[in-house]
Amino acid sequence: MTDISMRFGMQAEAREFLKLAVPLAGAQMAQAATGFVDTVMMGWLGQDVLAAGGLATMIFMAFMMTGVGLISGVSPLVAEAYGAGQTRRIGQLTRQGLWIVLLLSIPGMLFITHLNGVMHWSGQADTTIILSDSYLNVMAWGLFPAIAFATLRGCIIALSQARPIMLIVIAATLFNILGNYGLGFGKWGFPALGITGLAIASISAHWIMFLSLLVYMLWHKPLHQYSLFDSLHHLKPRILQQLLWVGGPIGIAAVLEYGLYLTASFFMGALGTPILAAHQVVSQTVLVLFMVPLAMSYAATVRVGQWFGQQHWPQIRQAALVSIGLAVLFMLTAGIALLAYPQQIIGLYLDLNDPANGEALNVGISIMKIAAFGLVLDGLQRTANGVLQGLQDTRIPMVLGTIAYWGIGLTASYLLGFYTPLSGAGVWIGTYIGLAAASIAYLWRFQKVMVRKKSLPVARS
């Protein structure tokens, strides 16, 4: 184990941070590329498929990220144990995290496959409901491997080993892209399964990622000291409670955050299929860009958590400043690109020469410009929350997120979308108002937590 208790300057902290963040960003971007290709191929299958597939993808992502949030306690707790030299505890945390995954996946699969009533109630078109249902019935089988992979990923990055994640995700992404093309359009001897074929390729990629990382962790000798999978069948209620004590609020916050995006998608669907299609195009583009600050938030959780294990407060503040600053810088650059090339980006998804796509194109351009300004807020709130997770401060941020996302963001989205001429653009503006509130709240909370924890002889949440 490297001596992480040494003093780091800002430049040195940035180097250590980027050693984690760059491979993780590569992995997240590769994974987002899968969603990007899915969306492009859905567009090739028609505007109805694009709208339905986009809505179904948002639903699956909401469930998946809720599960990922609930097991997110693995990463900060393992990072703290790694920083404190508690080798045995690392394996215990990882094993119990996998038990949580199993207990979450079964009810999650049942919910995903029984959402017809919700879609009818929200005013979705019949075609959208039928196509979404066929996609979700397959994607439900990818829920367990997706969350289990996130659990193992949380362990491995907390041990400062991010490169295997990137290689595994890139390989699975290439498989998914080829599978999409073969199964979606009937190439290379496969039947043309349309949107169902895209779902089959996606769940196959989730299983490949999970099993590949599992094999790596079993095979890699430096990891054997942690006994990661010994006595896997033993439930440890005390450790389960610790994981859920930290991860539970993160999971609830994920429900609220992704629930905001999902509800916004329902709002857009109620405004019309072309508007929903435009929303899906911009959402997918933003999601690809969001993968970088998301990776940075994971790295921030690990760096802050490792310093937290050593009780080094100046280094914790440095890690926070580095992660938030780099995330804001990246999203600012990405926002400029969206402002400069909105039509070209939308043209990757939709045929700009098809008159049937005219309304979707016009709405998409207006939304893209709004997203360009909102990206910085998205990156800021995500990395600031990652810093708080590294300090194992998750319950108050959950409350702050509830107020910001639903009390402010959702209300603003509804009012601006349905009671002003802004329509779909208003829904996006309202969402970013919520993210702005979350950003301010999380930064305030970080300052407050730092003052409080530094005054304690042994800081613990």
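Start at 1 and count along the chain as shown; that gives each residue its number.
Glycine is no exception: its Cβ is also placed from the backbone N, Cα and C atoms.
According to Swiss-Prot, the features are:
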- 17-37: transmembrane segment (TRANSMEM)
- 51-71: transmembrane segment (TRANSMEM)
- 98-118: transmembrane segment (TRANSMEM)
- 138-158: transmembrane segment (TRANSMEM)
- 165-185: transmembrane segment (TRANSMEM)
- 198-218: transmembrane segment (TRANSMEM)
- 243-263: transmembrane segment (TRANSMEM)
- 275-295: transmembrane segment (TRANSMEM)
- 320-340: transmembrane segment (TRANSMEM)
- 360-380: transmembrane segment (TRANSMEM)
- 398-418: transmembrane segment (TRANSMEM)
- 424-444: transmembrane segment (TRANSMEM)
Of 165-185, 243-263, 320-340, 360-380, 398-418, whichever stretch has the most CB pairs under 8 A to the transmembrane segment (98-118): 243-263
Non-local residues, at least 6 beyond the ends, that sit with Cβ under 8 Å of the transmembrane segment (51-71): 35, 38-39, 42, 45, 97, 100-101, 104-105, 108, 111-112, 115, 119, 124-125, 127-133, 135-136, 139-140, 142-143, 146-147, 150-151, 154, 195, 198, 243-244, 247-248, 250-255, 257-259, 261-262, 265-266, 269, 273, 276-277, 279-280, 283-284
Among 17-37, 165-185, 243-263, 275-295, 360-380, stretch most in contact with the transmembrane segment (198-218) (C-beta, under 8 angstroms): 165-185
Surrounding residues of the transmembrane segment (360-380) on its own chain - C-beta under 8 Å, 6+ positions past either end: 47, 274-275, 277-279, 281-282, 285-286, 289-290, 292-293, 296, 324, 327-328, 330-332, 334-336, 338-339, 342-343, 345-346, 350, 352, 423-425, 428-429, 431-432, 435-436, 439, 443
Proximity verdict for the transmembrane segment (320-340) and the transmembrane segment (424-444), three or more C-beta pairs under 8 Å: no
Among 138-158, 165-185, 398-418, stretch most in contact with the transmembrane segment (424-444) (C-beta, under 8 angstroms): 398-418
Long-range neighbours of the transmembrane segment (398-418), counting only residues six or more past its ends (CB under 8 A): 249-250, 252-253, 256-257, 259-260, 263-264, 267-268, 271, 385, 424, 426-435, 437-438, 441-442, 445
